[in-house]
Amino acid sequence: MKIYEGKLIAEGKKFGIVVSRFNEFITNKLLEGALDALKRHGALNENIEIAWVPGAFEIPLIAKKMAESKRYDAVIALGAVIRGETPHFDYVANEVSKGIAKISLDTEVPVIFGVLTTDTIEQAIVRAGTKGGNKGFEAAVTAIEMANLMEEIK
């Protein structure tokens with residue numbers, strides 16, 4: 001029996017990160033967490049490229065462009081969509097999650113969903129590096145594992 005498991009080694013791998021500027025006080029923390037995880041696992045600065053987009057809705061387009069370039073072993077999508085008083089939250093959260101999943105399937109490049117979808121700012125703050133850990137860090141660890149797993153299964 002053959003068992004495949006992605007290793008947590010970022011050395012020699014290239015990563016693209018797409019970050020939403022909207023709710024930047026949150027997304028900056030997610031980015032810090034992602035960079036921390038990548039570097040702790042051996043990624044070099046020159047193997048990490050970051051693209052800033054205006055909002056979460058724009059993440060899938062740039063993530064797709066990065067994935068289609070085949071320059072990256074994985075792409076990490078970081079953003080924060082916080083529920084307001086209108087249905088806008090639902091539209092953005094749904095489209096971003098569907099878009100990111102579709103890119104991975106279409107390009108066979110792991111595109112990791114690190115977009116917070118929370119009901120309150122407080123929930124977002126907790127998930128961006130306080131009591132709830134840092135979801136950017138977790139997304140980067142997932143990217144490392146998936147990049148290695150994809151290489152292993154080829």
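Note: Cβ is positioned from N, Cα and C throughout, glycine not excepted.
In Swiss-Prot this protein carries:
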BINDING   PHE22, ALA56, PHE57, GLU58, ALA80, VAL81, ILE82, PHE113  5-amino-6-(D-ribitylamino)uracil binding site
BINDING   GLU85, THR86, ARG127  (2S)-2-hydroxy-3-oxobutyl phosphate binding site
ACT_SITE  HIS88  active site, proton donor
Across the listed 5-amino-6-(D-ribitylamino)uracil-binding residues, PHE22, ALA56, PHE57, GLU58, ALA80, VAL81, ILE82, PHE113, what is the farthest Cα to Cα distance, given in whole Å? 16
Could you check what DSSP calls THR86 ((2S)-2-hydroxy-3-oxobutyl phosphate binding site) once collapsed to helix, strand or coil? coil
Could you give the Cα-Cα distance between ALA56 (5-amino-6-(D-ribitylamino)uracil binding site) and the residue listed as 'active site, proton donor', in whole Å? 12
Which residue, of the binding-site residues PHE22, PHE113, has its CB surrounded by the fewest other CB atoms within 10 A? PHE22
Let's check the environment of GLU58 (5-amino-6-(D-ribitylamino)uracil binding site): how many other CB atoms sit within 10 Å of its CB? 19
Euclidean distance between Cα atoms of ARG127 ((2S)-2-hydroxy-3-oxobutyl phosphate binding site) and PHE113 (5-amino-6-(D-ribitylamino)uracil binding site), Å: 14
